[in-house]
Amino acid sequence: MINFSLPDAPSLAPLRKLATERIVILDGAMGTQVQTLGLGEEDFQGDGSYDLKSDLPQKGNNDLLSLTQPKAIEDIHFSFAMAGADIMETNTFSSTTIAQADYGLEHAVHDLNVAGAQVARRAAERAEAEDGRKRYVAGAVGPTNRTASISPDVNDPGYRAVTFNDLRVAYGEQIRGLIAGGADIILIETIFDTLNAKAAIFASFEGFAEAGVRLPVMISGTITDASGRTLSGQTPTAFWHSVMHARPFTVGLNCALGAEAMRPHLAELASVSTSLICAYPNAGLPNAFGQYDETPEQTAAQVGGFAREGLVNVVGGCCGTTPDHIRALADAVAPFAPREVSA
Ligand SMILES: [Zn+2]
């Protein structure tokens with residue numbers, strides 16, 4: 001199914017070139033910035049110009065804001081771009097029919113993804129007009145709230161809440177929307193179940209075949225416990241072997257336990273991967289209130305350490321990271337050369 005003979009997207013060559021020159025900067029957390037806006041239910045619903053066709057409450061459905069508060073989302077992207085991000089992640093982490101079922105918005109998935117890519121693109125163009133530096137839009141594809149390789153029912157280990165094909169169909173709809181909205185990259189992130197990610201990879205290449213162009217794919221797993229495995233039980237090396245068939249532009253780790261706990265797992269992945277390495281940790285461990293306490297300087301010092309050790313090609317931030325975190329970590333990695341890739 002994977003067709004490598006498709007022409008590469010125009011974004012690939014300049015991205016590859018940039019990645020040979022320096023460490024590339026990814027943006028920080030959309031959710032943390034949305035929280036600072038203090039939006040209520042009415043704000044999430046918007047002024048009615050987008051017909052939701054759902055009676056369910058929408059507060060907390062951050063992806064919807066690309067449609068109902070597009071200027072606010074564009075401004076967040078813009079602030080990350082001006083803080084030094086080369087790549088901005090679209091506000092589409094939960095824009096699949098599976099995740100949007102919680103809000104009765106399965107029918108809106110195409111619109112959410114098109115709008116998510118378009119608002120990030122507008123911010124990218126504004127930033128480029130300001131300082132002349134090109135920015136790239138990465139269509140963010142989250143893990144969904146279901147897992148294809150683990151049973152949620154302890155009494156029925158063979159049960160699955162979702163199948164590979166359910167995920168393939170749902171991701172396919174998302175990815176077509178992201179491509180239609182103008183995404184430069186597909187970023188499959190926060191992977192806790194590799195089977196979900198494999199469905200997203202498969203759906204990406206189906207979408208590329210339909211569009212007649214192959215976008216760079218970034219793949220990012222999440223190590224959720226101290227044993228150094230993903231939720232579906234893989235070590236970083238096993239994870240690499242499970243996704244290398246996609247020839248990703250980057251493979252890496254995000255979210256979870258923060259930069260300090262990520263370091264050994266990142267080092268393992270960097271020792272086996274023939275793709276570029278991308279790391280974007282949370283701002284430390286969440287506190288008792290689910291908030292992240294690491295200062296920009298603390299996160300930047302650790303991510304700067306990844307760069308000093310030659311482990312990374314792309315760095316950014318996940319939960320709890322603000323434009324100040326991105327500015328600080330861009331400065332911290334600037335003196336260091338990107339990791340050398342041995343093919
Ligand atoms: Zn995170």
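Glycine is treated like the rest: Cβ placed from N, Cα and C.
Predicted, not measured: the structure shown is a model, and the values here were computed from it.
According to TrEMBL, the domain 'Hcy-binding' annotation covers 12-333. Feature annotation from TrEMBL assigns Zn(2+) binding site to Cys255, Cys318, Cys319.
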Work through the binding-site residues one by one (Cys318, Cys319) and point out the residue whose CB has the fewest other CB atoms within 10 angstroms.
Cys319
Excluding Cys255, Cys318, Cys319, which residues of the same chain place their Cβ within 8 Å of the centroid of the Cβ atoms of the recorded Zn(2+) site?
Ala29, Thr190, Asn254, Ala256, Tyr280, Pro281, Asn282, Gly317, Gly320, Thr321
Pop the mean pLDDT for the domain 'Hcy-binding' (12-333) in here, whole number is fine.
96
